[in-house]
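Q: One structure coming up, written as structure tokens, with questions to follow.
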Amino acid sequence: MSRLRSAMKAVNFLSPKTKKCIPVPEKAKENEESQVCMMNASPYYICKLASKGDLTSFEKYFNKNPDRLHTRNTKRQTVLHLAAEKGHEDILLFSLANGAEIDAEDNKGCTPLHVAIMNQFPKCVNILLKYGCNPHIYNLQEQNAIQLACELDFDDVLLVLLKYKSIDVNAWNKDGNTPLHCTASKDSYKCAKILLENGSLLCQTCEIGFYPIHTAALSGSAKTLNVFFEFVSDQGKDLSRALSYVDKDNNVPLHSAVRSGSLEVVRVCLEAGSRIDLKQDDLYNPLHLASAQGNLDMVSLMSELQEESFMKALRQKDILEMTPLHRATLFNHGHIIEFLISKGADLEIGDIYQRTPLLLAASKGSHEAGNLLCRAGANPLAKDVNSRNVLHLAIKGGAVASKMVCSESYGNVHVTIKQLTNEKDAFGCTALHYASQEGRLAALNDLLRSGASINSKNNDRASPFHFAVRYGRYKSCCKLLDSIQGKNILNETDGKGMSAMHIAAENGHVKILDLLITRGAVVSKDNRNNSPLHHAAANGYTKSITLLLNVHCYLMNATNVDGETALHLSAKNGHTTAVCLLLSCKAKILKDRKKMTFYDHILEMKSFEVAQAVIEHQRWEEIMAQPSEIYGQTIVGLVRELPDVCLSLMDRCTTPSKEDPKCKKFSIEYNFKYLQSPEDDSGDFERKPMTILNEMVKYGRVDCLCHPLTINYLSMKWMAYGLPISLTSYFFYIIYMVSLSIFALTNKQIEKNSTSFSYETFHHNHQNYFLSTIIVAYSLINIVRAIVQLIQQRLNHLFEGSVVLELFLHVLTLIFICPFLIDTKFDSFQWEAGIFAIFIAWFNSLLYLQRFESTGIYVVMFLEILFTLLKVLVVFFSLFIAFGLAFYLSMSSQSEAYEQIFPSVLKSLMMMLELDYSTTFHTLFLNNTIDYKSVYVILILYVILMPFLLMNLLIGLAVGDIESIQKNAGLKRLTMQVTSHTAIERMLPKRLLRRFNKETYTVFPNDQGKCSSSIMKQSQPSNNDKFQNIEISADKIDWEMRKQNQRLKSIQSMMESQQEMIRMITQKMEICSEDDFVDEGENFTECMGNDLSNGENQVKRWKSFVEKKVKK
């Protein structure tokens, strides 16, 4: 068996003829007949037969199993695809007649019709169309049948397709093109002719607005374009109309032809009569486009075939008012310029900026174009809209003016340049201003040799030297100062009164500033009395500040017209390094004319980095001690504007000792100097104690309130006077409350046991008299105290809940007690007032416990849950009314609890806690005495909504509130302490407060005997780790920063020395580098229609010009 298989494999490598010569044993045939797969048993055998075109074998094989007709090969091709590919019409007819899928698609999305067209079998195409195939199916390349035929230029196939009416010759395909557009893009001129003959429209655009004639011109399809023109002529129509078709940008076919770059297409359009002077949206005519391309053959062809139209187009302007000569000059096409000049192009016409072609060539640094224009007689004295001459623009563009102005008709080149040298433009700038501004060293040398004036000033009274200084042109400054008039310009000022030193300091050019100081420049002040140090500080240039202070230290505290020092200006502009440098240099902390210190400006601008840096500076205590005109105290401004910086300040007021944080002697010293309010000796009745902490509460500065400094500050005050006063107050309150309770209980008992109650009975009871005196005295004192507080705090005190509650309590107390003292009885109203007074008194005792740390947190939690409950009850009160009314109407006659409306509503509220089903509902149900059975529906709804849903909601809200209260308990307690201490300090005398207040407070967190408050016990351990970690990390960061700064400085100095060494080597070897032609400094870009050319090209132009002069 194995031998037979290997023999069969060997047979497969032999030719068909060889295979026939090898006999197969009959025995083997019999044995392997059921096991060997024969060729005709393959599922793809029918595909092979279809490709061969053997109809007899195909028909015989099909009859064995008709389902094989739908077989597809590995390329998903059916028998129709393979027959169409080879042009087997009989196979196609047989397959179609037996139900083959006519529009089946292969893996490329092609139907049999696509395949027949691609292989150019028109008869097969005809058969498929007769059997109703769909010619509008697109393959994966987005091609349908007619598009494919047009792109391949199969005219015979196209003729077959067009016989069928289902094919529309003007229909758009998926790309938005008609079949005629497809022929135009592929230059399928045969198909184009057939389409036109069969009704295809030349006047139909594609989806993006192109006519077929534009597509042909843009694609360079000269033959197709000829077909279009011939068709129009044969139809007897005006060809000029077709030639004037415009696309979406108003391009005529000639525009598109020029864009394609095809000379043949342009020739076809011109011979057909297309006009050269037609414009599109940007007002370009075809000559503009051809000139910009630099296509001389095309321009010559236009001139040759349409001379009259060409001459008209030569004078036309585009949207920038440029002629074709401008366009050729813009791209430095010398051969085009020569040709246009020979045809009479205007040399002096200006564009939108009034630039002649020569000025345009100068601004772009085009030497060749400028030379050609000058030789043709262009005026070198022309000026643009800003009155800039060719020398201005040449220097700005990096070109050589002497090469631009070389026409013999204007005499000697040097005479012309000398004439232009000192001319000013509309801004008052000479060519020397531009050379100084752009750093053109070679141009600067040429101008100085030509006698350019270095004293000339522009409209802002700035000289070329000021320009060189402003843009950091160090070498230019040296050359100007080394000139004959150099000493005269050293201390010149501009229109703002700024000298070169002011300008150099303002822009941070340290090398130039050092040069000026070395040359002996005088320090002066500008029109606003700003010194160079003011300008350097305002822009944050620390090197300039250091350089100026090393030489002119008296500038440190100089003020300008606004009374501002350099420190003020650096702070206003948010320059952190400059502020720290000036502070380190012992700058005085002065106030400007607005009475503002530099730190007031920092707070006003909310400059976090600067404010933080000042707090970290060694002079921070001196700065924070300065009073603020805006905030009163500087720390108040930090609390309001920069709370994060306030935290840093509080950190600095917290000083841990040097001992080990785990040591028993480890201590933390808290400095409360900045938390205490300044003493007010004005004698005003209204005092504002604890201003800073109240500001924290007002603006919600949680982090500041929770800081250890604030906590210990409050703890110090609590231990000094808060705790004694609170205990004393609570003690008197307990006496009042107990007295009121005893008085009420005693008199209620007397009233019960006695039928006649009189004033005499009460008066002779010494106990009652004593108790009532205590109660009335306490109530009157508290009412007076509340009124005094109300006067002090105006209406703010009225909205505090505890104050309102106490006022109400004492009023009710007086209403209850006074009738006993004046022998008047108000019957039940008096006792109702007493009932409420006693209830509120005991409830208010709970509020007193808020002041104490161990119990206050629980009281706060209780009150928060109470407020939540009240809110929920108010929201869902309509449910109580709904069920109360429903039960009243249903059961008013059966149950006493529902006889009236109000008890019914109250009963529905009580049923939330105890349903009382058996008494209220079950008994009535058993006795069958309920009038309305709908009450059970109401009961079921009540049970679902009230005890289940509403009670669970209340429990959930309570639990949620407890969790949130636990998170915010510290803040609420601290806020309450601030309010309490503020109220106490308002009443205490100043002398007593001075005794209580301490500026420093030392805590020993590891010594339990010295911790006077549990607040400190809880807060100190975490703070110890915090201080230790901060100290260690700060030291590491500081050390690493210093190392990095030293490395950067050494690298910088090394690079500078290497650069200087290389420069000296190149000078010795007489090598010209870029530095010899373009100065260092800032790049300057002007937005007035004149873009700067590439810097490298400009260097090369000046370099070549200088080298040529040296050779001469």
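Every residue gets a Cβ built from N, Cα and C, even glycine.
Sharing the record's features from TrEMBL:
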REPEAT    75-107  repeat 'ANK'
REPEAT    108-140  repeat 'ANK'
REPEAT    175-200  repeat 'ANK'
REPEAT    249-281  repeat 'ANK'
REPEAT    320-352  repeat 'ANK'
REPEAT    427-459  repeat 'ANK'
REPEAT    496-528  repeat 'ANK'
REPEAT    562-594  repeat 'ANK'
TRANSMEM  721-745  transmembrane segment
DOMAIN    730-969  domain 'Ion transport'
TRANSMEM  769-791  transmembrane segment
TRANSMEM  803-822  transmembrane segment
TRANSMEM  828-849  transmembrane segment
TRANSMEM  856-889  transmembrane segment
TRANSMEM  935-959  transmembrane segment
Q: Over the span of the repeat 'ANK' (320-352), count residues by DSSP class, listing helix, strand and coil in order.
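A: Grouping H, G, I as helix and E, B as strand yields 16 helix, 0 strand, 17 coil.
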Q: What parts of the chain pack near the repeat 'ANK' (75-107), using Cβ distances under 8 Å and only residues at least 6 beyond its ends?
A: 46-47, 50-51, 53, 55, 58-59, 62, 66, 69, 113, 115-116, 119, 121, 123-124, 127-128, 131-134, 137, 139
Q: Count up the helix, strand and coil residues in the repeat 'ANK' (175-200) according to DSSP, in that order.
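A: Split into helix, strand and coil, the repeat 'ANK' (175-200) gives 17 helix, 0 strand, 9 coil.
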Q: Who are the long-range neighbours of the repeat 'ANK' (249-281) in its own chain, taking Cβ under 8 Å and residues 6 or more past its ends?
A: 211, 213-214, 216-222, 225-226, 229, 239-240, 242-243, 287, 289-290, 293, 295, 297-298, 301-302, 305-306, 309-310, 312-313, 316, 318
Q: Would you mind listing the long-range same-chain contacts of the repeat 'ANK' (320-352), meaning Cβ under 8 Å and 6+ residues beyond its ends?
A: 285, 287-288, 290-292, 294, 296, 299-300, 303, 310-311, 313-314, 358-361, 364, 366, 368-369, 372-373, 376-379, 382, 384, 1089
